[in-house]
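Report on one structure; see the data block that follows.
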Amino acid sequence: MKTKIWHITKENEIQTYLEAAKLLQAGEAVAFPTETVYGIGADATNEQAVAKIYEAKGRPSDNPLIVHIADQSQVHEFVTKIPSNAKKLMQEFWPGPLTIILPLRPDRLARNVTAGLDSVGVRMPEHPVALGLLAVAGIPIAAPSANRSGKPSPTSGEHVEEDLSGRIAGIVFGGKTGVGLESTVIDCTLETPAILRPGGVSQEQIEAVIGPVISEGKEVAQQEAPKAPGMKYTHYAPKAPVVLIEGDVAFFQEQIDVAEHQGETVGVLVSDELARKLKASKYVRGLGSRDYPEQIAYHLYDQLRHFDHTPVTLIYAEPFVKIGIGEAVMNRLDKAAGGHYIRQSEEN
Ligand code: TXA
Ligand code: MG
């Protein structure tokens, strides 16, 4: 399949939305930027269109998709009820990086969108291109991140092209995404809402609006069947294995030296502060200041992907503090590393 590429400018904006929306309405899959990561969209009411997403991504069919809308009023079309907590969250955080799970109204959406569940994840993105395209298309759009399944999510049109060129009908390029990590997923079908995936809106921000929530990520860390089905799969991983190194500068340096002595080519993924202190190989990538987790989130996927274009055989990464979006950063890094740590305390 030839993938049509658009680069959004002020001059061609409307024309691009019209062309891309036409493909979506015709049941094709089209990728577009959101404020979190790029998504690959298809008509959420059309089962064959949605099947093209799973196919292009190589995604397991038991992992449901998020439905994207341009206007809050669209939610009523496909959910039975909006609990008061959910209403407050929509008011506060939409448009924005928060996906809310609500009870599904039967027979309105294609069944493969929700992978047979009786709930549906909904989000209104805060990105002019996403909102423009959704508004012109006029239909709810199912959209997972626009990466091949298992790879880091795409934060630029180039990343999408790398993974999906030839597999989908079109890609709308709209620059780098702002947040750099996916939306927070919160289940509001429960009496006490539960965060199923940490993301762009932090637990602290959510609790300031609706009070205490359950945090699956924290309390049920390595459980077998997490409630967001997607969380059980290996994720966000570059080709080389990732290991988190917990310790001081000297310890980190020693791990690099030992691995290189053993013939590994070590990629290093750390804060700018640590990058300045390490005498490491040329494959050191700074993610930004560790005091600003937003910077780390913004650069994380791009830098993880970067290593796929280098000869590194092993990636050593720094763990970050789980405050604010730092929680989501560590969730993704943990998964990229498959939970693999080397800890200084264990050695002593
Ligand atoms: O920021 C984002 O959320 C991006 C952009 C494109 O909007 N999308 C995204 O979609 O990250 P995806 O498919 O990569 O991740 C969706 C997550 C998965 O972990 C999935 O299992 C969970 O949301 N999910 C979707 N619907 C669900 C439901 N009804 N119940 C529980 N979990 C659900
Ligand atoms: Mg994804």
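Every residue, even glycine, has its Cβ placed from backbone N, Cα and C.
Just so you know, TrEMBL annotations are computer predictions that nobody has curated.
Among the candidates Thr16, Thr36, Thr45, Thr80, the one that TrEMBL lists alongside His68, Arg123, Ala143, Ser183 as binding L-threonine is Thr36.
The number of other Cβ atoms within 10 Å of the Cβ belonging to Ser183 (L-threonine binding site), over all protein chains shown, comes to 28. Counting other Cβ atoms within 10 Å of each Cβ, the lowest count among the binding-site residues Asn63, Ser145, Ser153 belongs to Asn63.
In this structure the residues listed as binding L-threonine are Thr36, His68, Arg123, Ala143, Ser183; their two most distant Cα atoms lie 13 Å apart. In this structure, Thr36 (L-threonine binding site) belongs to neither helix nor strand by DSSP; it is coil. Highlighted here are the binding-site residues (His68, Arg123, Ala143, Ser145) whose C-beta falls below 6 Å from ligand 2: Ser145, in sequence order. Proximity to ligand 1 (Cβ under 6 Å from any of its atoms) holds for these binding-site residues out of Arg59, Asn63, Tyr236: Asn63. Only Ser145, from the binding-site residues Arg59, Ser145, Arg197, place their Cα within 10 Å of the Cα belonging to Thr36 (L-threonine binding site).
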